[in-house]
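Engineer: Input: one structure, supplied below.
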Amino acid sequence: MRDIISSLDFSKEDFLTIFSLADEVEKGKKLKLQEEKVVATAFFEPSTRTHLSFTTAALKLGAKTIGFSSTEGISEAKGENFADTIRMLENYSDCIIIRHKFDGAAKFASEISNKPIINAGDGKHEHPTQTLIDIYTVYKSFGSPDNLTYGILGDLKYARTVNSLLRGLTRFKPRFVYLISPEPLKARKEILSELNYPYKEIDSPSEVISEIDVLYVTRIQKERFPDEMEYEKVKESYTVDENLVNQMKKDSIILHPLPRVNEIDRRIDSKPQAKYFYQASLGVPIRMSLLYKILSGEW
Ligand code: CP
């Protein structure tokens, strides 16, 4: 009966347990639930990867799925409140995967539901299962997330994947983390105050790009800006292009939680460093492993 609200809900041992199980799944292990289970996907906000990879993961485990991918088809459109919607999903399912535009929505749901809640992204707060995928991709590429130099580039203020990644990395030992963003998109102070590894905030990747092992890029989260004029000022303020990638180490990697807009030039997709589509493919074995642990009662 474990909720997953933040990447801090995973200990280092939890991360390594999920990575090890996902590795076995990738090598062909048949992971099946012994009892019939129903997984509810409650997506109040749009999603391609998270929704579909969680659904695929549940089906592969032998679970049934119910859910929705917008509020148009549910009774919220008739005025039903969020708490009552969660109570209904609690009645019908064994686990609720929730995405919502409001920070704290998953935590609030966990206070209402006696069934496990998995946060699939709440506002600008967190997206912890994306962090499992992100750090697993690093683990697969380098053997360990430790002793590497990370560059986190983009919208560090509103990107929930960045908050979760920065918190998740506190469970490991990064050599150094460069936080690279224009001034209006700098990481929030409350996140920085939690970091237990060396980091530096800089404006541009150009001076440090040759040191970086893992370049993690995010899009500018247009939908989170309270003022569209503020978005207009920063849009297109950074792009990962051939010139930048040509300065990277040969064995470095570029990650992106996706969706991408224009912050990575399409021509980078064929470079050996481009691992973002591979990263997205790892969503299924990682989410199978997590759902298995939760639905089997091991967690
Ligand atoms: N990475 C991610 O959360 O993608 P979706 O918004 O498509 O789920």
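Even glycines carry a Cβ here, placed using N, Cα and C.
Annotations in TrEMBL come from automatic prediction, not curation.
So TrEMBL has the following annotated:
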BINDING   R49, T50, R99, H127, Q130, L258, P259  carbamoyl phosphate binding site
BINDING   K78, R160, R219  L-aspartate binding site
DOMAIN    2-139  domain 'Aspartate/ornithine carbamoyltransferase carbamoyl-P binding'
DOMAIN    147-292  domain 'Aspartate/ornithine carbamoyltransferase Asp/Orn-binding'
Engineer: Between the Cα atoms of R160 (L-aspartate binding site) and R99 (carbamoyl phosphate binding site), find the distance and write it as a whole number of Å.
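Structural biologist: Taking the Cα atoms only, R160 (L-aspartate binding site) lies 12 Å from R99 (carbamoyl phosphate binding site).
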Engineer: Which chain-mates of T50 (carbamoyl phosphate binding site) that are at least 6 residues away have a CB under 8 A from its CB, listed by sequence?
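Structural biologist: Listed in sequence order: F43, R99, A120, G121, H127, T129, Q130, G283.
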Engineer: Within 10 Å of its Cβ, which one of these binding-site residues (R49, K78, R99, H127, R160) has the largest number of other Cβ atoms?
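Structural biologist: Sorting the candidates by Cβ neighbours within 10 Å, the top entry is H127.
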Engineer: Are any of the binding-site residues R99, Q130, R219, L258 near ligand 1, with a Cβ under 6 Å from it, and if so which?
Structural biologist: Q130, L258
Engineer: I'm trying to understand the geometry here, so how far is the Cα atom of L258 (carbamoyl phosphate binding site) from the Cα atom of R219 (L-aspartate binding site), in Å to the nearest whole number?
Structural biologist: 8
Engineer: Identify all same-chain residues not among R49, T50, R99, H127, Q130, L258, P259 whose C-beta atom falls within 8 angstroms of the centroid of the carbamoyl phosphate site's C-beta atoms; report them in sequence order.
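Structural biologist: In sequence order, the nearby non-listed residues are S47, T48, A120, G121, T161, P257.
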Engineer: Could you break down the residues of the domain 'Aspartate/ornithine carbamoyltransferase carbamoyl-P binding' (2-139) into DSSP helix, strand and coil, giving a count for each?
Structural biologist: 65 helix, 25 strand, 48 coil
Engineer: Can you tell me how far the Cα of P259 (carbamoyl phosphate binding site) sits from the Cα of R219 (L-aspartate binding site), in Å?
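Structural biologist: Distance (Cα to Cα, whole Å): 8 Å.
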Engineer: Can you tell me the mean pLDDT for the domain 'Aspartate/ornithine carbamoyltransferase Asp/Orn-binding' (147-292)?
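Structural biologist: That stretch averages a pLDDT of 96.
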Engineer: What is the interatomic distance between the Cα atoms of R49 (carbamoyl phosphate binding site) and R219 (L-aspartate binding site), given in whole Å?
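Structural biologist: Given the Cα positions, R49 (carbamoyl phosphate binding site) is 15 Å from R219 (L-aspartate binding site).
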Engineer: Tally every other Cβ atom lying within 10 Å of the Cβ atom of Q130 (carbamoyl phosphate binding site).
Structural biologist: 27
